[in-house]
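As recorded in TrEMBL:
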type	residues	note
TRANSMEM	42-62	transmembrane segment
DOMAIN	43-470	domain 'Major facilitator superfamily (MFS) profile'
TRANSMEM	97-118	transmembrane segment
TRANSMEM	125-144	transmembrane segment
TRANSMEM	150-173	transmembrane segment
TRANSMEM	185-210	transmembrane segment
TRANSMEM	216-235	transmembrane segment
TRANSMEM	280-301	transmembrane segment
TRANSMEM	321-342	transmembrane segment
TRANSMEM	354-375	transmembrane segment
TRANSMEM	381-400	transmembrane segment
TRANSMEM	412-432	transmembrane segment
TRANSMEM	444-465	transmembrane segment
Amino acid sequence: MNEENTVSDDLKRQAAMFYNSTQREHQKDHEMTWCFWRRRRLVVALLAFFGFFNCYALRVNLSVAVVAMTEPVETKLANGTVILAPEFDWSPSVKGLVLSSFFYGYLITQLPGGWLAAKIGGNRVFAIGIGATSLLTLFTPPLAHTSTALLIAVRVVEGLFEGVTYPCIHAVWSRWAPSSERARLATFAFSGSYAGTVVSMPVCSLLAHYTGWPGIFYVFGIMGLVWTTIWWLVVKESPEKDPHISPAELKYIQDSRGTQAVEGGKIRHPWRAMLTSGPVWAIVMAHFSENWGFYTLLTLLPTFMKDVFKFETSQTGWLSATPYLAMAIVLQVAGHIADWILRRGLMSRTNIRKLFNCGAFLSQTIFMVAAAYASSVTGCVVFLTIAVGLGGFAWSGFSVNHLDIAPPHASVLMGLSNTVATLPGIISPTLSSAIVTDQTAEQWRIVFFMSSAIYLIGAIIYGIFCSAELQPWVVEIESDASFDTDGASVTTARGYDNKGMDQNSEM
């Protein structure tokens, strides 16, 4: 009888221990739901968002500063006479060269940046790119006062460093993003670019007014250096190297990501196979098409509104910010919807990418044509804002497609597509200026028809050749773990065996 009582007491104690353990796990799960900073992949995404925020703030600051640099101000001559004269008396061609010089450097380092990120780690290259650009930004005012040639040179070098940012972030996601969360993590990070533009343009105007135009470069340069320091200390090359990641999150990422990602030194890019791959060129064409429409509006919208509607955009700053704001918002929504459809199993990954990309392009084709025939300022702005905003859905298609088809080579593929996609920023304004010689609505319609046609061609090519399946030319190198984790392939710094953890305890 005593033995039965002993066994019964043991069973009760074990049941109580199991219940208490289960309660602790549920409490931990609830805490993890609200404490997003404990999910390291979300911390990476948030810091990447602010990284791209800084990228575009550093890129567009000169666009605002140049207005203050070249506007007439009271100047006292040696003889005591006060005159109105610009601090920098640049001709239109020199001003154009100063503003475009950034893109000449930006174009060059896309592919090398992706290759370097695959070799030494995307987190390092991302930090170096933004950090160096921020540091050079601090030297912009003294260099501008010294020589216009030096100002142009430093902007080219800034473009060289910032050109690596878009390609190398895919090297980060190839290690950090679970396959079912690629769209929302990547698009959330990319939306920082448009948020940075929306915020930095009015802030730059305020800084120019209250501190003088040099204050623009000092404030954003320091902001960029602060961000670089935080990113460098917090974000690791892979989740396996993050000492603060939970065992469950690490296992979840590893199980979802698979073992295709390998150490940078072991990656061999199959260049011939990549350059002859239909899915790769579908991405390139989609990226080119989206940027053609976007850069056309970015550079020519104020001129179009002035020529056709006699509308002075300088009096309404909201007009310049509205398309970027729309893009930033839609990117968030589109990324979550794409991943939700994937998790529910409603469509295949390939069909999701096609639906979002081609659906957006076809809609943009329609709204660009509608804007060309709009009879009022309000109607035109609405149509153009919708056209730009729908690009957020396209970005949930082609921009994460590199990670679908070849995760180890995603940074290089993004470098390739972004190199081609940067060309519209150079070609479109020049071609459009050649078309619009008399500033008539009919000539501007040709520009919009051209953008619509490119959207349509992009939709057709992407719809035919797109794939979101791992390509046969992606070579997987077998190893004991996805990455070299310094002897801790399945054990974190806390000493937990990840294989024994429940994946659902933290996701």
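Note: Cβ is positioned from N, Cα and C throughout, glycine not excepted.
In this chain, the transmembrane segment (97-118) lies close to the transmembrane segment (412-432): three or more C-beta pairs between them fall below 8 angstroms, excluding pairs fewer than 6 positions apart.
Beyond the ends of the transmembrane segment (150-173), by six or more residues, the same chain brings 44, 48, 51-52, 55, 58-59, 62, 97-98, 101-114, 116-118, 121-123, 125-126, 128-130, 132-133, 136-137, 139-140, 143-144, 182, 185-186, 189, 235, 400, 402-403, 410-415, 418 to within a C-beta distance below 8 angstroms of the stretch. For the transmembrane segment (216-235), the list of distant contacts is 43-44, 47, 50-51, 54, 57-58, 61, 64-65, 123, 126-127, 130-131, 133-135, 137-138, 140-141, 172, 200, 204, 207-208: same-chain residues at least six beyond its ends, Cβ to Cβ under 8 Å. By number of Cβ pairs under 8 Å, the transmembrane segment (280-301) is matched best by 354-375 from the list 42-62, 125-144, 354-375. Sequence-distant residue pairs (6 or more apart) of the transmembrane segment (381-400) and the transmembrane segment (321-342) include at least 3 whose Cβ atoms are under 8 Å, placing the two stretches in contact. Within the same chain, the transmembrane segment (354-375) packs against the transmembrane segment (444-465): three or more Cβ pairs sit under 8 Å, each pair at least 6 residues apart.
Panel annotation: around the transmembrane segment (125-144), residues 48, 51, 54-55, 58, 61-62, 69, 88, 113, 116-117, 150-151, 153-155, 157-158, 161-165, 168-169, 171-172, 213-214, 217-218, 220-225, 227-228, 231-232, 235 of the same chain, lying at least six beyond its termini, place a Cβ under 8 Å from a Cβ of the stretch. It is 42-62 that, among the stretches 42-62, 321-342, 412-432, forms the most Cβ pairs under 8 Å with the transmembrane segment (185-210). Mean pLDDT across the domain 'Major facilitator superfamily (MFS) profile' (43-470) comes to 87 in this model.
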